[in-house]
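Colleague: Pasting in a structure now, in structure tokens, and then I'll have a few things to ask.
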Amino acid sequence: MECNKIPEVILNSGHRMPLIAMGTVGDHLPPPEQLISIYIDAIAIGYRHFDTASIYDTEEPLGKAVAKALELGLINNRDELFITSKLWCTDADHDLVLPALKETLRKLDLSYVDLYLIHWPVRVTKGSKYLESLNENILPFDINATWKGMEECCELGLAKSIGVSNFSCVKLKKILDQATIPPTVNQVELNISWQQEKLLEFCRANGVHISAWSPLGSHGSYWGSHKVLESPVLQNIASAKEKSVAQVFIYIYPFDAHKFVLEFVFKFLMYSSDWFKMDI
């Protein structure tokens, strides 16, 4: 099977990041062995960027898939992959950042991640999971002290690049005003129906790359929406160009926004060698 080459962007850290990643979050994940198989298949057809997080419970299966891909010769070395993971809100404290990343690396069985993000701009009590339980468990959050912990991870070589996720312009500016190592990425919800133009403009002006989670609306998940994949405008374009709605969206959306995609996009890529070749 032909391996599809995915375009890359150069981050402000100087490192390259593939513009499309395979997301590993889900509200009803398959068993670990099936996840490992899915990730191996993704590597085989060209995926080189995988997005995980400590809260997703997918770090360990992803790490095993990487090891198996090396064993099978699908990749020559670990450096051919770009692995993103995230600091969960329970560890959003200066003294907890490094231990949290070390635990992530233990689960992944890797010596470093390519990108490490603060998952949300909030700190909560130990044991809090996902957003439903956060409000009642909020703790004081020192953004700049936590960012200092992220910088230390980068300086130790445990994370090649560091960034944030779900940060507003105001919260991101607090980091930028004090940072020694600026955030490379801000990963936020971004799609046709939620375009975040002000945030996009701010990040562009400050050299922070925008990464879009749920760019296709996460149709079918409990947090998702049908507004993207069932958009009449996108459906009409897709029909006229004999492409999928997902492909149309990935093509027309600004290419400085990295696309964080889900498994059904991976299935499309298996049968398409012209993902980025459209004449609209």
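One-based numbering along the chain as shown.
Glycine too: its Cβ is placed from the backbone N, Cα and C atoms.
Pulled these from TrEMBL:
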- 29-220: domain 'NADP-dependent oxidoreductase' (DOMAIN)
- Tyr56: active site, proton donor (ACT_SITE)
- Lys86: site 'Lowers pKa of active site Tyr' (SITE)
- His119: substrate binding site (BINDING)
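Mind running through what each feature is packed against?
Modeller: Contacts of Tyr56 (active site, proton donor) defined by a Cβ separation under 8 A and a same-chain sequence distance of 6+ are given as Thr24, Val25, Gly26, in order along the sequence.
In sequence order, Thr52, Ala53, Ser54, Ile55, Tyr116, Leu117, Ile118, His119, Ser165 are the residues near Lys86 (site 'Lowers pKa of active site Tyr'), counting only same-chain partners six or more apart with C-beta under 8 A.
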Colleague: Which whole number is the mean pLDDT over the domain 'NADP-dependent oxidoreductase' (29-220)?
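Modeller: For the domain 'NADP-dependent oxidoreductase' (29-220), the model's average pLDDT rounds to 93.
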Colleague: Tell me, how many other CB atoms lie within 10 A of the CB of His119 (substrate binding site), whichever protein chain they belong to?
Modeller: 21
